[in-house]
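Inspection log for the structure reproduced underneath, given as structure tokens.
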């Protein structure tokens, strides 16, 4: 794993849909850690007026745009999950642009270390921007239950998302640290605090 001279020591935080990545990331933010969310970067690169949005509209048609010119994410999601080749085309377009946004935001970090939160940390190659990987892990059935409750989508859509992401086993193979998030929020907070102190100690020994 490599690091740009202009970016801080960076922890990659990942996990499947419904694993609790966002909740864990918020606890790190509360502790003063600079966190960049790859999903946010993915939204920034397709804002109206950005070249990527124009290319997407040309490729998929105007049906992927809302009346106000914003990207219709639901329409696009349906298209790319139905046709894997379309998902690969979109990833080839967006992944380099998202990486540029991430590096730009990491360079502004002032905390002792930074965190890159990404559901596709392994699949997208974003792990190359990190020095250590923390996986938020939960049993798949709990992932499905949480996502159905949170997102108001069908179980078929949840299964399609799971299939598009790295498998639980693949994520765990890449993990330096694993947090099994199958308990309550108080426990998650305490585990994040424990890991935060560990990373501060670890970072203290890094150049």
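Quick reminder: no glycine exception, Cβ is built from N, Cα and C everywhere.
Under the heading ATP binding site, Swiss-Prot lists 18, 19, 20, 21, 22, 23, citing sequence analysis as support. Using a 10 Å Cβ-Cβ cutoff, residue 21 (ATP binding site) registers 23 neighbours. In the three-state DSSP classification, residue 21 (ATP binding site) falls within a helix.
Residues annotated as domain 'DPCK' in Swiss-Prot: 10-207.
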All-chain count of other Cβ atoms within 10 Å of residue 19 (ATP binding site): 27
Output field, ATP shell: CB within 8 Å of site CB centroid, site 18, 19, 20, 21, 22, 23 dropped: 15, 24, 136, 146, 181
Spatial neighbours of residue 23 (ATP binding site) that are distant in sequence (at least 6 apart) but have CB under 8 A: 181, 185, 188
